[in-house]
Amino acid sequence: MVSLGGLARKIFGSSNERRVRALQPRAEQIGALEKEMQALSDEALRGKTDEFRKKLADGADLDDLLVPAFAVVREAARRVLGLRPFDVQLIGGMVLHQGAIAEMKTGEGKTLVATLPVYLNALTGKGVHVVTVNDYLARRDAEWMGRVYGFLGLTTGVIVHGLSDEERRAAYACDVTYATNNELGFDYLRDNMKYERAQMVQRGHAYAIVDEVDSILVDEARTPLIISGPLDDRSELYNTIDTFILKLEPADYEVDEKQRTATFTEEGTEKVENLLREANLFKGDSLYDVENVAIVHHLNNALKAHRLFQRDKDYIVRNDEVIIIDEFTGRMMPGRRYSDGLHQALEAKEHVKIQPENQTLASITFQNYFRMYGKLAGMTGTASTEAEEFGNIYGLDVVEIPTNLPVSRIDEDDEVYRTVEEKYRAIVREIKEAREKGQPILVGTTSIEKSEYLAERLRKDGLKDFEILNARHHEREAYIVSQAGKPGAITIATNMAGRGTDIQLGGNADMRIHQELGDMPAGPERDAKEKAIREDVQRLKEKALAAGGLYVLATERHESRRIDNQLRGRSGRQGDPGRSKFFLSLQDDLMRIFGSDRMDGMLQKLGLKEDEAIVHPWINKALEKAQKKVEARNFDIRKNLLKYDDVMNDQRKVVFEQRIELMDGENLSETVAEMRQDVIDDLVERHIPANAYAEQWDAKGLKEGVLQYLNLDLPIDEWVKEEGIAEDDIRERITEAANKAAAERAERFGPDIMTYVEKSIVLQTLDHLWREHLVNLDHLRSVIGFRGYAQRDPLNEYKSEAFELFQAMLGNLRQAVTAQLMRVELVREAAEAPPPPAPPAMQAHHLDATTGEDEFANGDTMTLARADARIVPAEQRDPNDPSTWGKVGRNEACPCGSGKKYKHCHGTFA
């Protein structure tokens with residue numbers, strides 16, 4: 001019986017079909033302009049760009065220009081690339097222009113589709129970012145599609161790893177910029193650590209098209225981009241704790257693979273306490289006393305490293321380094337490190353050099369970075385399974401674009417075996433059969449370990465001619481993928497390694513020409529060889545087609561249906577024939593974790609013999625149900641993490657906007673004066689409470705506070721003895737003295753140097769305190785979950801306490817800036833020119849090796865204003881005049897004669 005919803009869909013079509021149908025008339029209008037565009041000369045076609053820009057300047061809307069602009073790009077692509085976008089590609093381009101996700105199957109020409117909305121939106125002059133997953137694709141697409149933009153008078157830039165700031169600035173200044181998601185995010189963070197607006201490289205976030213949008217906005221959504229600086233060396237502690245884990249028995253801990261957690265049992269806790277006592281690392285009466293918080297953190301990391309993280313699956317060891325493997329793509333991520341000491345725990349486990357732990361200087365998630373764009377769009381072959389997440393988090397609709405030719409791939413039911421060994425025997429048999437008839441085979445695995453195990457099995461069975469595509473060999477992955485469609489080719493790939501490069505039946509002629517002919521000079525000989533290669537590729541294509549097209553053979557189901565669909569989608573591109581099949585066993589991770597016991601019992605009742613498989617649509621449905629559960633759980637995790645990250649993101653936006661205002665400000669004297677007044681008001685309120693009697697006033701505390709923060713030794717203890725004096729009188733006297741001292745200093749420095757000094761100190765102090773604040777938020781986040789046990793909502797508690805921490809940070813900023821500006825002095829050879837610009841924040845700060853404190857945090861910030869800072873001998877320092885002290889070390893005795901260290905006396909401003 002057909003449901004009412006099903007009946008309505010039959011009559012009216014689905015919402016997706018209606019949306020595509022609504023765009024069809026515009027595709028026809030673009031088609032109607034084709035002959036007119038073909039009649040134009042190259043120069044006249046290029047002249048359309050200036051014509052469109054003039055119309056925009058005169059008040060036209062981008063939507064008004066869509067039809068003629070798309071027609072121009074279609075003709076330019078035909079002339080420059082020999083490629084003419086189909087009508088379905090025009091529709092895909094319209095969807096991207098509308099700020100939605102275009103789901104287009106593999107081989108449907110997503111790279112070409114992007115040129116249509118990119119050109120249209122680049123006409124505004126605000127810049128368009130095209131985001132790819134790796135440097136290879138960014139370079140390839142910028143070079144390839146840049147020919148179309150260049151033909152039409154637009155500039156194209158590309159951002160890849162290793163570029164200088166000047167090169168990045170030039171690339172972002174282009175009309176169209178191709179870049180990886182990582183480079184974009186890191187450039188944004190680095191820009192917000194610069195000290196001059198002119199040093200920044202990005203120029204705004206107007207419009208971005210994200211290629212492989214599911215990979216970037218879903219799979220990597222939980223991974224924050226972090227810029228960090230090293231803390232002190234704790235390698236000995238990591239190694240010691242690692243030895244403890246090796247002494248534990250299985251009864252000492254519990255591992256939940258589903259939740260990815262590992263915890264100590266009571267027996268384990270007792271054993272660990274004894275080990276810590278022996279190593280003199282235990283404090284208090286219990287492991288979970290507050291004194292042991294840091295040790296517990298290290299223990300938990302070491303347990304996770306040994307019981308949840310597997311070598312060659314989650315990471316590999318290369319050149320004495322632990323390198324993370326992306327769980328979704330199987331690619332290595334050199335330079336990426338797990339945070340909070342987990343990476344150091346893995347290094348201790350693998351007995352490689354332990355790198356220093358890092359302190360976060362700046363961080364952002366892809367979720368929050370990409371939500372900054374005024375308009376965001378995306379392309380992928382598989383987005384519909386995550387449509388709810390795209391809608392809820394990014395406000396993006398998913399629109400399935402029809403294929404140009406019908407998909408003729410056959411997706412066969414899964415074959416399920418009882419054991420892994422039986423499954424692998426069946427896989428080897430299947431590969432041999434397909435190879436014998438000349439069918440190209442892509443074998444999908446879930447980890448490097450499994451891909452290499454299968455490779456070894458094939459070698460033992462006499463199959464030696466195959467390629468492995470995984471994180472160990474990703475340098476060659478584009479070429480390997482491009483030739484995986486040759487008849488009888490066997491390619492073993494982890495997850496979606498090689499995404500972004502089509503598998504063409506018979507191989508890719510252009511890549512073969514590039515590989516085989518390289519830099520061979522143009523001429524008759526090269527032409528003849530190119531022709532021979534193209535003819536050979538065509539012959540091989542016909543042979544592969546006759547054998548049934550590409551066979552995608554998957555060795556396991558992934559947690560996400562989307563990853564499975566991506567793997568299937570490698571076959572059957574542009575109407576080619578193909579087939580796909582999954583080979584599973586009850587011992588596979590997904591089956592084992594999500595309840596295969598019942599299924600095992602059923603298969604035994606059915607009398608399933610060794611090497612026999614069960615093939616039934618019911619199995620597929622059961623697995624899909626398990627995958628939906630995992631997807632829903634992962635979505636909930638990401639959604640929940642985003643709620644917490646939004647708290648930090650709101651604060652980040654305030655701080656980063658404030659930095660830009662400070663950098664742009666010509667004169668900060670008003671801002672600095674307000675900060676100084678706030679500090680005075682706070683001191684008076686703290687030491688002279690409202691409505692308190694004079695004898696209750698803390699004159700001594702106020703005097704010390706004024707000396708500490710304002711560098712003024714005022715007779716406050718005498719003032720309070722005066723008859724009828726009120727708190728407002730004291731406030732006014734302090735304010736008058738402070739303003740006078742500040743004005744004298746400004747006059748001595750001159751306006752140029754004073755402006756530079758104020759800007760430098762405010763910016764560097766803000767950066768320092770923001771970094772400390774990030775650490776405090778991390779600590780708060782790690783413990784806030786326990787509030788749930790007290791029947792309080794952890795998120796609300798986090799919001800409330802994070803706000804209090806932020807307010808405290810702003811208070812500390814006012815105090816630190818005031819204290820430093822009231823002490824800063826110049827020791828210089830020439831006063832004519834201001835000092836050179838301060839170095840970038842990442843290099844400007846040095847952490848004290850013994851205390852872990854930042855050298856510039858307090859007194860040393862004053863050296864920013866010095867063209868030639870010097871250390872003054874003790875006998876030349878006047879204890880009552882800090883201007884004679886010169887550079888004072890943080891751990892030196894304070895020159896004022898208090899007997900305290902400088903950092904605990906006049907150096908305690910921050």
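Placed from the backbone N, Cα and C atoms, the Cβ positions cover glycine too.
What Swiss-Prot records for the ATP site is Gln89, Gly107, Glu108, Gly109, Lys110, Thr111, and among Asp461, Asp465, Asp502 the residue it adds there is Asp502.
Of all the Cβ atoms in the protein chains shown, 18 others lie within 10 Å of the Cβ of Asp502 (ATP binding site). According to DSSP, Gly109 (ATP binding site) sits in a coil region rather than a helix or strand. Counting every protein chain shown, the Cβ of Thr111 (ATP binding site) has 18 other Cβ atoms within 10 Å. Here the binding-site residues are Cys894, Cys896, and the one whose Cβ sees the fewest other Cβ atoms within 10 Å is Cys896.
Apart from the site residues Gln89, Gly107, Glu108, Gly109, Lys110, Thr111, Asp502, the chain places the Cβ of Met104, Thr106, Leu112, Val113 no farther than 8 Å from the centroid of the site's Cβ atoms, the recorded ATP location. Of all residue pairs in Gln89, Gly107, Glu108, Gly109, Lys110, Thr111, Asp502, the annotated binders of ATP, the farthest apart have Cα atoms separated by 17 Å.
Within its own chain, Gln89 (ATP binding site) has Glu108, Gly109, Leu112, Val113, Leu116, Asn404 as residues 6 or more apart in sequence whose C-beta sits under 8 angstroms from its own.
Neighbour counts were taken as the number of other C-beta atoms within 10 angstroms of each residue's C-beta; across the binding-site residues Gly107, Glu108, Gly109, Lys110, the minimum falls on Gly109.
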